[in-house]
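Have a look at the structure below, then the notes.
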Amino acid sequence: MNAGAPVLEVRDLTKSYGGVRAVDGVSFDVAAGELLALIGPNGAGKSTCFNIVNGQLRPDAGAVRLGGRVITGLPPRRIAALGVGRTFQVAAVFGSMTAAQNVQTALAAARGGTFDLWRPARRLGREQALDLLAQTGMAAQADRPASTLAYGDVKRLELAMALAGEPRLLLMDEPTAGMAGTERREMIALVQALTRARGLAVLFTEHSMDVVFGHADRVIVLARGRLIANGGVDEVRRDPLVREVYLGGAPTEARP
Amino acid sequence: MSLDSLLFQAVNGLASASGLFLVAAGLSIIFGVTRIVNMAHGSFYMLGLYLAVTLAPALSPWIGGAAGFWGGILVATLAVALLGALVEMVLLRRLYRAPELYQLLATFALLLVISDAVLFLWGPEDILGPRAPGLSGAVDLLGRRLPQYDLFLALAGPAVLLGLHLLLRRTRFGRLIRAATQDREMVAALGINEALLFTAVFALGAGVAGLGGALQMAREPANLAIDLSVLGDAFVVVVVGGMGSISGAYLAAVLVAEVKALCTALGVVDIAGYAFNMSRLTLVAEFLVMALVLILRPHGLFGRPQPPATTRARAEPAPAPLGRRGAVLVLVAVALFAAVPLIGQFFAYAPVLALDMVIAALFAASLHFIMGPGGMASFGHAAYFGLGAYGAAFAATRLGAPTPLAFAMGIGTAAMGATLFGWFCVRLEGVYFAMLTLAFAQIVWSIVYQWEEVTGGSNGMFGVWPQAPFDEPAGLYLAALAVTLAGLFLIRRVVFAPFGFALRAGRDSSLRAEASGIPVARVRWLAFALAGTLCGAAGALFAFAKGSISPEAISVGRSIDGLVMVLLGGVQSLMGPVLGAGGFTLLQDMVMRETDYWRALLGAVILAVVLLFPSGIAGGLRRAGNAR
């Protein structure tokens, strides 16, 4: 892969449900080290678009390329193996394990060690797991059962698990959903710092505009399945079309 | 084979399909509204049949033959519906919030109780029903005589389908059922009397199954094995048709019944010079139909995929490694069990009982491996026990294999079966998984029962005696102990290896596991195959321990025994199933052999466990811990 070439290329994605085009000819790129926000009003096709990229849905037409390789229609597991980490809108972790064991399990999977039936897992990858937990601010919680963590910590744990596969691309579905104000800003600042430090490409959907306009490098806006804007934060904020269909003409909307 | 014999079998198939459809439709309606898979549904069918064969002759002298026959069917149907309502009010109402496994077990306990109640009331002999007055003749069709009653039954299925369709579409009750099937909370929020609705739905489902049984009175004798065989068939139909779809149930019932009928019609066929009796393949055909549908449409013909849950509602406790005290206790227990042959000189019965316990421990521990860390509660684990036992018995008696080789061949048979069936089962979750495992076990049971040349049919196989040094009780016992300990050790290693964590990861959140690159289905498949293989080892030991083997070893009851052992011991610990197996074996030995009605007794034990600990034994213990 050339330096500067996009990590993720999305070309002409189209997906219809019945007669409705949920996603209609959407194209965009995400470059390494870039934090790209995908926004749009409810029903704009964000989730459909997002789920096509992560492999949960198959598009009717169009292509998704990762580092130049076509990944359209591959199952989520294969896409993960190619270097795509992801987090869910409602954070999902393995409740019966400690935080460290969650990350260790993700590490083992990333290294192809899932089918190791014999070696004790207790110490395998433990150092690296602790390191990842430290990076996401979870060092103190490493040996607590995941089911007893506060929700904000579950989200951080999930991020550490997503990083375990050393992804080139991170897909985050509403990374700050369900978090309070301060927590939310800390979370997105953490993602931003990791993006810079690791040269990650990050694509995220988000409802809270303070997160989007405060931290994204670029914003793409969907409305009724079509891409109506793609540019820098200020450019998109000023775009009259975006203001009309998305912000309803109001200056800025910051939802709690 | 000629066209008219094909037609004859086709009508016959439609007549069978009607009976199957009625059971499956009732099962589907009840599941749609209450989310409970009623394991006792075959019992309602059986009760309908028994009541009808008793009532029809009893009513005939009073109101005439025809009126007696149809009146008997009607009264039987209503009686079963009433019983269904009663069961819902007394039992199921306490279970709606309990874990799925407990709902399945409680309704299975009901099956056991009903089965023994029927045995008590009607005795063990098959009972033949009267012929249908006015429909006992035959119709000439294309030079072939078709029984009128079969034609009538073939039409009864679509008629009931139409009736149910009208009920669901045109009446307020039907609208409520459909609404509750889609969104239970909403129906409750709208102020509809949920309790009454659930009772009515259960009565309807039970009544339809009862009708299905009663209608069969002129076709097949009432017998005690019907409840389980119908249940297995109904599960196949529901899985093929798609849970919750009534038209799907009819289509699937027709498909399954017609494929079976086709095999019968084909009879003996020459394939590449070999005479091949296709009529013996009916069960395999049923399996193939189901396999094909599940490959093409994993949620059945008309079923909709369930959205994957991001996380399980309840966090399962983690299996704990052995502490120092635990290790000492285990060593003491192993030493005690190894010393049993010494006591045998004074208490001749002790080694026999200890051998049963050792075999049961491996059986239960292998089931627990997929049930606990895997989250897959199999209702057909005995299939692999039976395959192991029959494989070893066949190798030892018919092939004359030396004992260790026969043992290995038993394990191999079970491993192949578990690998084949597991591929299908692991794709399904929760109750669907439970139903499919049970259906496969029922298919294995039927094959063993029917394939007399190889398995000895209902009598089983005898003279499965091990050679020296295992012909001595102590030799066999110590070998069994060594095998079981090795199996338990293997399970322990696997649970605490990365594979065990990946298995738990798939259980805790399959979405997250897939996103992390864990191939959840393949992990489950390997776990299922491994559990089946170890269970096969237990089965092979069992064959040598008893010196004989019969289809009883594969019965659904045996599968349920395993579940009860695991639950008695507790799902959360790896020692649980071993303790549960020991306790259950003792209980069975001391109490249940004393009575003819041990099934009802076992049912009572299960109900007691389920009703006293509605959130599971583990939950009960946790609650007790929290109260302190």
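Quick reminder: no glycine exception, Cβ is built from N, Cα and C everywhere.
TrEMBL lists transmembrane segment for one of the ranges B:369-391, B:599-621, namely B:599-621. Residues 19, 22-23, 26, 69, 71-73, 75-77, 79-80, 83-84, 114-115, 118, 121-122, 127-130, 206, 209-217, 220-222, 224, 226-227, 230 of the same chain lie 6+ residues outside the transmembrane segment (B:44-63) yet bring a C-beta within less than 8 angstroms of a C-beta in it. Looking at B:6-32, B:69-92, B:151-168, B:234-252, B:564-587, the range that has the most CB pairs within less than 8 A of the transmembrane segment (B:476-503) turns out to be B:564-587. Segment contact holds for the transmembrane segment (B:234-252) and the transmembrane segment (B:6-32), given three or more CB pairs below 8 angstroms at sequence separation of 6 or more.
Of the ranges B:6-32, B:151-168, B:322-340, B:523-544, the one with the most Cβ pairs under 8 Å to the transmembrane segment (B:405-424) is B:523-544.
Outside the transmembrane segment (B:69-92) by six or more residues, the chain places 34, 36, 40, 44, 47-49, 51-60, 63, 103, 106-107, 110, 130, 132-133, 198-200, 202-207, 209-211, 213-215, 217, 607 with a CB less than 8 A from a CB of the stretch. When each of B:151-168, B:322-340, B:523-544 is checked for Cβ pairs under 8 Å to the transmembrane segment (B:6-32), B:151-168 comes out on top.
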